[in-house]
Amino acid sequence: MAPYSLLVTRLQKALGVRQYHVASALCQRAKVAMSHFEPSEYIRYDLLEKNINIVRKRLNRPLTLSEKIVYGHLDDPANQEIERGKTYLRLRPDRVAMQDATAQMAMLQFISSGLPKVAVPSTIHCDHLIEAQLGGEKDLRRAKDINQEVYNFLATAGAKYGVGFWRPGSGIIHQIILENYAYPGVLLIGTDSHTPNGGGLGGICIGVGGADAVDVMAGIPWELKCPKVIGVKLTGTLSGWTSPKDVILKVAGILTVKGGTGAIVEYHGPGVDSISCTGMATICNMGAEIGATTSVFPYNHRMKKYLSKTGRADIANLAEEFKDHLVPDPGCQYDQVIEINLNELKPHINGPFTPDLAHPVADVGTVAEKEGWPLDIRVGLIGSCTNSSYEDMGRSAAVAKQALAHGLKCKSQFTITPGSEQIRATIERDGYAQILRDVGGIVLANACGPCIGQWDRKDIKKGEKNTIVTSYNRNFTGRNDANPETHAFVTSPEIVTALAIAGTLKFNPETDFLTGKDGKKFKLEAPDADELPRSDFDPGQDTYQHPPKDSSGQRVDVSPTSQRLQLLEPFDKWDGKDLEDLQILIKVKGKCTTDHISAAGPWLKFRGHLDNISNNLLIGAINIENGKANSVRNAVTQEFGPVPDTARYYKKHGIRWVVIGDENYGEGSSREHAALEPRHLGGRAIITKSFARIHETNLKKQGLLPLTFADPSDYNKIHPVDKLTIQGLKDFAPGKPLNCIIKHPNGTQETILLNHTFNETQIEWFRAGSALNRMKELQQ
């Protein structure tokens, strides 16, 4: 623990000369800036090379690409214990990225730390708070008006603490990162679960909670459990209607939503070269849906081409020089290997209600009829951080153009979300946007929009059964439109476009015919489009705010009466005792994602106000006692009521509580609010069969106990009316289970074992009340 403590106590002095950023240490053979926006921050391939050589010599074996990049960023490569799936690594990420919904809490925590500046290059991206209603410009104007307080806070906090700020309308965080900040070999953390998008450019890009981002921005080594590595070998060539999206839809069907947990998915093999750089990004992006720590592709000519086209030929040239360190070693070993022949891969569509329910497009209509899913498609939606590249828009436009040539338009409503201002401006210039409008589409703002529930949908009523198809990444119940009866399917943008034209799930564009306006039948040809524009990208409007060199006079104000922002109060420390007689707030039945724990959509406006957003705590989770959402028994009054109200009652009356969950609890978004809220309302532990990686870490960061049943069947021993006592906290130690006494209302008791994954540093967080509390302790 000494190195951690030493670093924190020296932060105030060290940050003045930026000692903790990798770009400031040692000389280098070539000085190439990380980005155009940070000309004095350099890529350190020489340090990466040095660290890789140290680790390879220690381990005495070939390394995977994932290992090279991760171990190449070790804080102490000569002495760090390294064992896949077991040890915790202390890493030095190159940069941090935050989107506006998570940046609020991250920056509030950073302000609480008392530090003057961020220690690594960091950016804030305004993409989550723009609601889709009428179309791009109108929706953007409305969002700027409604969210002015939050945008002003983020802009001034960025200016004060040295964080770059991308204004609303600039685009989706992951597209901006790919266009400007990602590069081969980078280690980047982002406060969004789809940060792995950057793996399409050969980087290790990992989604985290805001508290993790605060550690990195503070210059503290970031902890990550040493990931296992799943190899996906690609052979053959993508062609026809089959797209990069189909690779990850197929992988999701194989590995399921938790099959990648604790692992990096590393794509390799001859088939890689048939996939564009942005296509590789699509595959890595949706790796979040299998629970993977991240996903990555090896550096190749496709990445070089993309870097050059986005104005970063100097980075491409430097990557060529260090190419041997940006690909896996021959003979490296994976923990698991999946092989996919791209020649045999068919277009896929996954859903509804879970992204791992995979179907070939040719079969989904038949399956839908059998299952009673609505066949008529109400809305087709393309775009999102997963599929909004120039190539995606071009392939969709190629499909739309064929329909227009035969006098057809979309039978379904159709929306288009450009991934960035650069993509929007370029597809406008090159005619793609107009083709998509002509076929019946509405171009939305450069933002997340309906993908995260920012959709003011008017065509149905809540509870109305319907089907939508999207090129998004997630299709959890109610995620896009807050309607639990919306059957959402995810597929490629070109398949979405074809299905929106046909209007039904029973249409297979590979084999089925459409009838043109003239009554003649025709078949859509497989789309073909340029992966990058033939001329340069059109950058569109300038939407970036540089942090000033001198920010000493910059104020960051938070009104005490604000309903959108709230300064944080420290959580209480552990009292040194076991947790006695914990009330069960809810025993959750089945899937419980972070959308169920802390809903997005209309709740996004409260992401900077912990008390207000806590009113959505677990409102989407199903209570096993009555099969209902947001209806739990108050153990004192015996009345059923909303989960947040019951939690507040317990907090007011000094009753500490626990949540019981099922498998893969907390899958999905990286939002740390799903951990902050239960802590704020008096929760002490979350006990489940298993956790999703990011959520488990977020819970630890906020001083909660994420615990798992040593015997998963013990889930069935606990009833919502029981009380639980957790023993062994005085001797809390890594690898040592805790005892849990189940106290039934009839006076009988049972004792079970609970496992945990805490290391010594994380146990310090628990004792201090949170990771932020511990940081402050070490500064004193």
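Each Cβ is built from the backbone N, Cα and C atoms, and glycine gets one as well.
Quantities reported herein were computed from a predicted structural model and do not represent experimental measurements.
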In Swiss-Prot, the substrate site includes Asp192, Ser193, His194, Arg474, Arg479, Arg607, Ser670, Arg671. Which of Gln99, Gln109, Gln762 does it also list there?
Gln99
Which single residue out of Cys332, Cys385 does Swiss-Prot record at the [4Fe-4S] cluster site shared with Cys448, Cys451?
Cys385
Taking the Cβ of Arg671 (substrate binding site) as centre, how many other Cβ atoms lie within 10 Å?
31
Are there any residues at least 6 positions away along the chain from Lys730 (N6-acetyllysine) with a Cβ closer than 8 Å to its Cβ? List them or say none.
Gly576, Lys577, Asp578
Top Cα neighbour of Cys448 ([4Fe-4S] cluster binding site) in the set of recorded positions Gln99, Lys233, Lys523, Lys591, Arg671:
Gln99
Rounded Cα-Cα span from Ser193 (substrate binding site) to Lys723 (N6-acetyllysine), Å:
34
Of the binding-site residues Gln99, Ser193, Cys385, Cys451, Arg671, which sits closest to Lys138 (N6-succinyllysine) by Cα distance?
Cys451
Taking DSSP states H, G and I as helix and E and B as strand, how many residues of the region 'Disordered' (524-560) are helix, strand and coil?
0 helix, 2 strand, 35 coil
Would you mind pulling the longest C-alpha to C-alpha span across Gln99, Asp192, Ser193, His194, Arg474, Arg479, Arg607, Ser670, Arg671, which the record has binding substrate, in angstrom?
20
